Structure formats: structure tokens, C-alpha cells
């Protein structure tokens with residue numbers, strides 16, 4: 001074999017290895033992408049009670065899993081690469097197993113890093129997310145039927161979820177009892193989503209960053225105390 005053939009064979013092997021590596025990485029990327037899409041479709045991932053804001057949480061969490069072990073209801077899971085969250089961090093899916101709102105909040109009390117606020121005194125102060133009625137068109141109560149399951153299952157009934165009466169314009173004779181979520185009381189436990197009788201729940205618990213807007217600091221409301229009458 002001539003000397004000139006050796007470099008050519010080396011280049012061919014190099015290019016072949018590059019193509020194989022690129023193909024392998026692309027396949028892994030596609031697989032992870034599909035897994036993440038499946039994970040998102042199966043339900044929204046929520047953080048445990050007492051979790052600090054998401055960016056700080058991902059940095060503070062040491063992935064020890066103690067909160068998962070402390071949960072007596074197997075609500076909490078640890079995220080994988082396919083979960084759409086930082087791997088090793090705790091989460092739960094309300095449609096699968098909602099938070100049972102333990103009074104002693106064991107998951108937060110064992111957190112060693114501060115990712116979960118151990119100083120939280122009442123589970124009623126937790127804000128794991130916010131229940132949002134995402135599908136009024138299919139909600140049975142909005143159709144004029146009496147369902148009320150989400151309302152009756154809510155651990156803060158008549159506080160976090162109330163039923164508001166509205167005249168049924170379709171019949172002209174009856175009232176509709178419309179479930180209404182109050183963000184100042186909702187803990188985001190997810191029990192309402194869990195018990196929704198529809199194939200896909202009409203009410204879902206979303207992270208606060210998705211469920212609520214954010215008011216700019218330049219807005220002032222004159223009717224609120226401390227604004228000196230300015231609007």
C-alpha cells in the first residue's frame with residue numbers, strides 16, 4: 001500500500017466515526033425529546049409544599065430524596081431526565097396522586113438544604129400551584145348538570161373553591177352552579193384535578209408562574225392602603 005493511501009484511509013475512518021457519533025447523539029436527542037413530550041402529556045409536574053421559586057429550588061435542592069421518603073402517601077417522585085425537570089428533584093402529578101396536605105408537612109421538615117421551607121407553619125399556607133378551570137366547555141357544571149365533585153373534594157371547601165350561582169340561559173328555568181377558584185386560599189394540592197370525572201380534567205393545577213400573571217411594579221392602586229390616594 002502506498003504512503004498516500006494511509007492518510008486517506010485514516011480520514012475515511014475519522015469521517016465515519018464522526019457520522020456515527022452524530023447519528024447516535026441525534027437519536028438520543030430524539031428519544032429524550034419524545035420522552036419529555038410524553039411526560040408533559042401525562043400531567044403537570046408540581047413541587048412539594050414549601051418549595052421556593054423554581055430557579056432557586058433547582059439550585060438549592062441537593063437531590064437527597066429525603067422528602068420523597070418522608071411522604072407517607074407516595075405522592076412525591078424524583079425527576080428523571082425524561083421528566084422535564086431537573087433530574088433528581090422532587091415533584092408530584094396531581095392527576096396521579098395529589099398532596100394529602102399533612103398537617104405536620106413531613107416532606108418540608110426533613111429538607112436539609114432550604115429548597116423546601118422548613119419554617120412553613122401551616123399546610124394552608126402552601127402554594128404548590130393554583131387550580132385553574134381550563135375547560136369550561138366540557139365542565140359538567142357549566143353544561144347545567146350537577147357535578148360539584150371538585151368543590152366537595154376540596155380540603156378548603158367554600159374557601160379555595162366556591163360554587164357561584166348563575167341563571168341557566170339554555171333552559172331559562174334553572175341555575176348553574178359554577179366552580180370558582182380563589183387564589184388567595186388555594187394551596188395547589190391537586191385533589192380537585194384528581195377527582196374530576198372527565199377523561200381529561202376540566203380543572204388542573206398549574207405552577208403559579210403559569211397560572212397567574214405578574215403585575216409590573218410601576219402600577220399603583222389608589223384604593224389600597226399605603227398608596228396615599230395615588231392611582
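Just so it is clear, glycine is given a Cβ too, placed from its N, Cα and C backbone atoms.
The Cβ neighbour count for residue 64 ([4Fe-4S] cluster 1 binding site), using a 10 Å radius over every protein chain in view, is 16. The feature [4Fe-4S] cluster 1 binding site is assigned by Swiss-Prot to 61, 64, 67, 71.
Within 10 Å of the Cβ of residue 102 ([4Fe-4S] cluster 2 binding site) there are 17 other Cβ atoms, across all protein chains. Taken from Swiss-Prot, the feature [4Fe-4S] cluster 2 binding site applies to 99, 102, 107, 111.
Per Swiss-Prot, [4Fe-4S] cluster 3 binding site is recorded for 139, 147, 150, 154. Counting every protein chain shown, the Cβ of residue 147 ([4Fe-4S] cluster 3 binding site) has 19 other Cβ atoms within 10 Å.
In the three-state DSSP scheme, residue 192 ([4Fe-4S] cluster 4 binding site) is classed as helix. Per Swiss-Prot, the feature [4Fe-4S] cluster 4 binding site maps to 186, 189, 192, 196; the stated evidence is sequence analysis.
The helix, strand and coil residue counts that DSSP assigns across the domain '4Fe-4S ferredoxin-type 1' (50-81) are 12 helix, 3 strand, 17 coil. For 50-81, the entry in Swiss-Prot reads domain '4Fe-4S ferredoxin-type 1'.
For the domain '4Fe-4S ferredoxin-type 2' (89-121), the number of residues in each DSSP class (helix H, G, I; strand E, B; coil) is 4 helix, 5 strand, 24 coil. The feature domain '4Fe-4S ferredoxin-type 2' is assigned by Swiss-Prot to 89-121.
Look at Swiss-Prot and you will find 130-166 tagged as domain '4Fe-4S ferredoxin-type 3'. In the predicted model, residues of the domain '4Fe-4S ferredoxin-type 3' (130-166) average a pLDDT of 96.
Nonlocal intrachain contacts for the domain '4Fe-4S ferredoxin-type 4' (177-208), taken as residues 6+ away from its ends with a CB within less than 8 angstroms of a stretch CB, comprise 44, 46-47, 49, 54, 92, 94-101, 123-136, 138-142, 146-151, 153-156, 159-166. The domain '4Fe-4S ferredoxin-type 4' annotation in Swiss-Prot covers 177-208.
Per Swiss-Prot, signal peptide is recorded for 1-41, and the stated evidence type is sequence analysis.
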Binding-site residues near residue 150 ([4Fe-4S] cluster 3 binding site), in sequence order, restricted to 61, 111, 192 and a 10 Å Cα cut-off:
192
Cα distance, residue 107 ([4Fe-4S] cluster 2 binding site) to residue 192 ([4Fe-4S] cluster 4 binding site), nearest Å?
21
Who are the chain neighbours of the domain '4Fe-4S ferredoxin-type 2' (89-121) in space, where the CB to CB distance is under 8 Å and they lie at least 6 residues beyond its ends?
42-52, 56-58, 60-79, 83, 128-129, 155, 187-191, 193-194, 201, 204-205
Where DSSP helix means H, G or I and strand means E or B, what are the helix, strand and coil counts for the domain '4Fe-4S ferredoxin-type 3' (130-166)?
5 helix, 11 strand, 21 coil
Quick check for you: of the binding-site residues 99, 107, 111, 154, 186, 189, which have their Cα within 10 Å of the Cα of residue 71 ([4Fe-4S] cluster 1 binding site)?
99, 107
What three-state class does DSSP give residue 186 ([4Fe-4S] cluster 4 binding site)?
coil
